[in-house]
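S.K.: Quick paste from TrEMBL:
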- A:Y144: active site, proton donor/acceptor (ACT_SITE)
- A:K174: active site, schiff-base intermediate with substrate (ACT_SITE)
- A:T53, A:V216: pyruvate binding site (BINDING)
Number of protein chains: 4
Amino acid sequence: MAPAADGKVTGLLAATFTPFTAQGEVNLSVIGPYVDYLKEKQGVKGIFVNGTTGESMSLSVAERKVLAEEWCLKAKGKMDSTIVHVGCMSLKDSQDLARHAAEIGADGIAVISPSFFKPKSAHALRRFLQEVALAAPNLPFYYYTIPAFTGVNVPVRDVIEDIEKLIPTFRGVKFSGSDLLDFGQCVSYSQPHWSVLYGVDEQLLAALAMGANGAVGSTYNYMGCYVNQLISAFETGDLVTARTIQFKIQELVGYAIKLGFDIGVNKQLMMEVSGLPLGPPRLPVMPCPPNHSKLIIQKYHSIFD
Amino acid sequence: MAPAADGKVTGLLAATFTPFTAQGEVNLSVIGPYVDYLKEKQGVKGIFVNGTTGESMSLSVAERKVLAEEWCLKAKGKMDSTIVHVGCMSLKDSQDLARHAAEIGADGIAVISPSFFKPKSAHALRRFLQEVALAAPNLPFYYYTIPAFTGVNVPVRDVIEDIEKLIPTFRGVKFSGSDLLDFGQCVSYSQPHWSVLYGVDEQLLAALAMGANGAVGSTYNYMGCYVNQLISAFETGDLVTARTIQFKIQELVGYAIKLGFDIGVNKQLMMEVSGLPLGPPRLPVMPCPPNHSKLIIQKYHSIFD
Amino acid sequence: MAPAADGKVTGLLAATFTPFTAQGEVNLSVIGPYVDYLKEKQGVKGIFVNGTTGESMSLSVAERKVLAEEWCLKAKGKMDSTIVHVGCMSLKDSQDLARHAAEIGADGIAVISPSFFKPKSAHALRRFLQEVALAAPNLPFYYYTIPAFTGVNVPVRDVIEDIEKLIPTFRGVKFSGSDLLDFGQCVSYSQPHWSVLYGVDEQLLAALAMGANGAVGSTYNYMGCYVNQLISAFETGDLVTARTIQFKIQELVGYAIKLGFDIGVNKQLMMEVSGLPLGPPRLPVMPCPPNHSKLIIQKYHSIFD
Amino acid sequence: MAPAADGKVTGLLAATFTPFTAQGEVNLSVIGPYVDYLKEKQGVKGIFVNGTTGESMSLSVAERKVLAEEWCLKAKGKMDSTIVHVGCMSLKDSQDLARHAAEIGADGIAVISPSFFKPKSAHALRRFLQEVALAAPNLPFYYYTIPAFTGVNVPVRDVIEDIEKLIPTFRGVKFSGSDLLDFGQCVSYSQPHWSVLYGVDEQLLAALAMGANGAVGSTYNYMGCYVNQLISAFETGDLVTARTIQFKIQELVGYAIKLGFDIGVNKQLMMEVSGLPLGPPRLPVMPCPPNHSKLIIQKYHSIFD
């Protein structure tokens, strides 16, 4: 899963958190050290910014722009790929962000389905995606599905049917769902220059077996180094080792879920592990309660140290 | 249910559609005639703008501002109340719109729960609402719940507990849900200066029986005149007549649902009945297919003519 | 809503609990006093036995038969109508119970949709109901819908379309759902000799406004006397009184829901109020924890005493 | 994945269909040839009878007994393991069937969660399972989870915590769900003498990667021979071949889902492939429409021939 010469995205991408100040404003100063941390300590080769982990839906368009710009700037020469998520509830906003992503030199854009008004068919969703893609006609385009958040259950396989006729820049999918029938059908249909990236970190091994080209997830912010080992083990056919690492990740995630695993808990864990000052989440996400913070970091160390 | 001297909102409010040009840009020129139509032909006394019916989540912040401004301008002196919905996925955007609503002379603001990141408790939701309300500290504030769209099922009764301690401007709820246990508990807890407004048009009579102070809905754009008769009949104790009208509305809505009742179909029906050029909906909502357009207007006339 | 001469079911029916011994066997000896209690203390005029409240799905066919027999025997001359629910997951079992209900002199049978294999269309559901009805061709037949338990969301209005052509004995619906669009359409379509009975006790007033002919519910076991007052007030046009009673019921039910309102809690409350030894529920329903038992009965007395 | 000397269940088990006559009565005469077909043509080594595929919830207890008896009789000496599913909505019925399974020489029993009354906690579910297991204290016991049918989402990992203290005969899980976090945690916790069997056929490869010990499914009735190749390829590290076969299965299942893949369609496909006269499904499941029957078998041949 070495980076492909043609820019095909493979391997591990971290879905980055958005740093805020204590007052809740975006904190650009953390982004440089954040990129270095991911590269040096976690061995992560790409980033997926302003996505779900980045609380993009809680950001204004202006905030998303300055963040995207800083991520692209600081990642330049350090990350193999910086994908900027530009999906919004509003098509206008998404188009605005897509144009901006092109201007600032993003390596690609990703778009989630709108979820307040849910597309009623694959056709409606494809039309929405097409209109966004047209605003950045030279950028690789990725469709991002995460049904647990959006409630949109259009099979991805239906979305990508002959998709390059509609979106010539289409290059793949960030698939953050647990329907591996749909996932497998996407892998099977995938073109050689596409990337099918998996996004449910706690079952990555399953997706690798089904043919995933890489992975994008929030836990790679602080467990990327272990997951790189998982991927290496998988690639050399050592399923026992791969499984052992996967089960450790599952132990942590399973524990976190019992605590109420949301962006607040997730971000806190990243702060504890990395030492980066990421600040609180933004409402309606609540900060991680201090006792949960203590428990989750203890669990992390008990598993990985 | 006459308008109360103290500004308490009662009676019928139309949740307005957003007029677009054929090219999909907001079309302010229709708003003046639209207000006149609602007042003169439908007997509607208030409007709820930039809500779900207005496709607000598909609009940019800038678009919502020019729309709100035009609605307030044209409704002045003609409508008893113009409530501007300022809820967004992003707290920043909601605060921005709340401040703007105060500047342009709105009679009140309404806020929906964010739904991409769903508040995990009544507390988180109340904190979000409070932060928006603080941006317009002199405007009556309404909480707007519509679980079928948001997937947020926090009981409204829990949201409004002692709410004036958090939000001194709190004045009521737009309740667009079918849980009449929660609704009744809200009515029972409601303060005399609050309005509990019901928003599921096809079962308004049930909510009136439970004590609703008024109604906000999309179908009042084109059936307001009949619903005013329903309300009058209810108020005089003539349930047989009230029920007869309610059943007609149910017949239309039930028929529309079988056709796929979304904003596209709804907007088309309004255009057919009113003659106002409202334009297409915005993606991901698709325009009403011509054959459905024909069927739904035929049904309307067969029921009401 | 006096009992109709032609046997049309109106007014209040209690959905009865199944009495068990402490060892978990059915306890027929309680049924006689139970009927007397309902009639004398609660003013209930009909019973719906072996339904959801009666834990019928947790009973064997043999148990359901002896229970039905005892209920019919003891209710004879005391209740205006005894409806025996004979719905099962298995068509064979339902037919067996339907035949038995006819033999023991039930006033009618009710059938729920199977819910493990969910009917995929109104047609499939109607065919199932028809096959059961054929096994008791002289008994009034009621369709019983309770989507929160079954997950079956076929609109009842679709089920009852021209239903007497399929089921000549069809006489009505026990509608235990909160979709009042569907409910209203059923009322509107209902034939004069049918009964549309509502089953969500905490919002009965809403259903009465929509035209319900009567009500069947579990809380009428211990709040029937108050609900009879609610119905009387509604019938005389005194909505304020009706609403006051409805809100009291909502206060109790809302409180119970926060405690985890299931058959265990419900049955315990009935035991506390009535003094009847109904025994524990059957697994997988768990008995009401003693502290919850204390709280719920305190609440009951604080509201109604 | 050779059969373990100690009776540990591994490899492929077919979840058998229940043969009916054209009149809808159970047809025992097909069972002998059915077992031979599975062994000889599909290479299946075990059977799981009276499960979801077998429409057990649509059968009476008496029917389940005669079926279980015949399956055990005919499978003797031909199948490595015959597991009889004895789960019912009613604990009494489940206990009755468990006792019967012991009498007729079943190799093990499996129990699904009741789903009309859903257990409100792992504790309630464990208590239910325990009471069934006690009725057959010498038979290996398997917990069967299939959330898409039951709506019961208690994590299996919580169910099996220290489970042998409650159920000494516990020997594993039939896991027919897509939550591979829960699945992986079960594999990780699994004891050496337990079997974690996967039941979502179209993503078996993913589960094998996560450590599944075997598989139970309906499609192995007619695709067992191909899945045996998939498993062999997986075990020798040939993921490319395994994936190719998995994708073929996904193509068929994905196609069937678009046609409305239920027991009716599934059973029809088995009849077409095997030539065995399995008869129609039982209501509320409808027979496969003839045009769908033709399409699905064409698809099968186009993929596998």
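Placement of Cβ uses the backbone N, Cα and C atoms for every residue, glycine included.
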S.K.: What is the interatomic distance between the Cα atoms of A:K174 (active site, schiff-base intermediate with substrate) and A:T53 (pyruvate binding site), given in whole Å?
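M.R.: Answer for this pair: 13 Å between alpha carbons.
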S.K.: Cα distance, A:Y144 (active site, proton donor/acceptor) to A:T53 (pyruvate binding site), nearest Å?
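M.R.: So the alpha carbons of A:T53 (pyruvate binding site) and A:Y144 (active site, proton donor/acceptor) sit roughly 13 Å from each other.
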S.K.: Please report how many Å separate the Cα atom of the residue listed as 'active site, proton donor/acceptor' from that of A:V216 (pyruvate binding site), as a whole number.
M.R.: 10
S.K.: Taking the Cβ of A:V216 (pyruvate binding site) as reference, which residues of that chain separated by at least 6 in sequence fall under 8 Å from it?
M.R.: A:L12, A:L13, A:A14, A:A15, A:G46, A:F48, A:G51, A:I83, A:K174, A:S176, A:L197, A:Y198, A:G199
S.K.: For A:K174 (active site, schiff-base intermediate with substrate), just give me the three-state DSSP call.
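M.R.: For A:K174 (active site, schiff-base intermediate with substrate) - judged by DSSP and reduced to three states - the answer is strand.
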S.K.: Taking the Cβ of A:T53 (pyruvate binding site) as the centre, how many other Cβ atoms fall within a 10 Å radius?
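M.R.: There are 25 such Cβ atoms around A:T53 (pyruvate binding site).
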S.K.: So, in DSSP terms, is A:V216 (pyruvate binding site) helix, strand, or coil?
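M.R.: Its secondary structure by DSSP: strand.
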S.K.: Give the helix, strand or coil assignment DSSP yields for A:Y144 (active site, proton donor/acceptor).
M.R.: strand
S.K.: Which number gives the other C-beta atoms within 10 angstroms of the C-beta of the residue listed as 'active site, schiff-base intermediate with substrate', all protein chains shown included?
M.R.: 30
